[in-house]
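First comes the structure, then the notes that go with it.
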Amino acid sequence: MATWSNLNLQNSSSPLMEQLIFFHDHTLMILLMITVLVAYIMSMLFFNLYTNRFLLEGQTIEIIWTILPAITLIFIALPSLRLLYLLDESMDPLITMKTIGHQWYWSYEYMDFKNIIEFDSYMSALDKLSSFRLLDVDNRTILPMNTQIRTLVTAADVIHSWTVSALGVKTDATPGRLNQINFMINRPGLFYGQCSEICGANHSFMPIVIESVNLKNFINWIKNYSS
């Protein structure tokens, strides 16, 4: 989860988030090199007092500063296209979960079992000081780790956005439309998210909490909830 004065990205908890962090670092390094090079050239031009009276045109340098940006864009575009493909790639999901956004809470449905499991998830009351303020909920979303998960996201009233940063997932919840996101959690723990689309007066008060457990505990939770 996000912490006070943290300027970095959240720790990765899924393969998708790892790839997003790698692409961020890759692009940032290219931008840093471009910034340093341009700053160096500008400083040299500013402090250099010599003038070349015969330099009226330079075909070579014009070719260079046309080709180099094109090559730079290719180095950014290829990893970006690969990542876009990975984000939309649909593996063979073991579990399908439906997420429905409301003003101002989330509803969840597990449809792969004998009895459909459905519940609402509201923000915990502020007088519960043992929990994180504005982030904890009364019913957590339980999911197994190391399992391919498909989430179908929609809304019942206005546009919401189901976002969990540590997993690298962000999907719009649009009324009358189903959006799909695939992910896999690679470690146990609690992962916090929030609605990322302004949806009304209480937009800031509809958090998301995913609890990642091993498959055995997940099956036990399914049995207990069904009974």
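Here the Cβ of each residue, glycine as well, is placed from N, Cα and C on the backbone.
Predicted, not measured: the structure shown is a model, and the values here were computed from it.
Look at Swiss-Prot and you will find His160, Cys195, Cys199, Met206 tagged as Cu cation A1 binding site. Per Swiss-Prot, Cu cation A2 binding site is recorded for Cys195, Glu197, Cys199, His203, and the stated evidence type is similarity to another entry. As annotated by Swiss-Prot, Mg(2+) binding site applies to Glu197. What Swiss-Prot records for 1-26, 83-227 is topological domain 'Mitochondrial intermembrane'. Here Swiss-Prot flags 49-62 as topological domain 'Mitochondrial matrix', drawing on sequence analysis. Here Swiss-Prot flags 27-48, 63-82 as transmembrane segment.
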Seminar exercise, completed: Within 8 Å of the Cβ centroid of His160, Cys195, Cys199, Met206, the other same-chain residues by Cβ around the recorded Cu cation A1 site are Gly101, Gln103, Trp104, Trp106, Ser161, Ala173, Gln194, Ser196, Glu197, Gly200, His203
Exercise. In the topological domain 'Mitochondrial intermembrane' (1-26), how many residues does DSSP put in helix, strand and coil?
Worked result: 12 helix, 0 strand, 14 coil
Exercise. Do any residues of this chain, six or more beyond the ends of the transmembrane segment (27-48), have a C-beta under 8 angstroms from a C-beta of it, and if so which?
Worked result: 72, 75-76, 79
Exercise. Around Met206 (Cu cation A1 binding site), which residues of its chain at least 6 apart sit with Cβ under 8 Å of its Cβ?
Worked result: Gly101, Trp104, Tyr105, Trp106, Met123, His160, Gln194, Cys195, Cys199
For this session: For the topological domain 'Mitochondrial intermembrane' (1-26), find every same-chain residue at least 6 residues outside the stretch whose CB is under 8 Å from a CB in it, and list them.
Result: 76, 79-80, 83, 86-87, 132, 135, 165-169, 183-187, 189-192, 212
Exercise. Out of Cys195, Cys199, which of the binding-site residues is least crowded by other Cβ atoms within 10 Å?
Worked result: Cys199
Problem set entry | Number of helical, extended and coil residues in the topological domain 'Mitochondrial intermembrane' (83-227), per DSSP | 24 helix, 64 strand, 57 coil
Exercise. Between the binding-site residues His160, His203, whose Cβ has more other Cβ atoms within 10 Å than any of the rest?
Worked result: His160
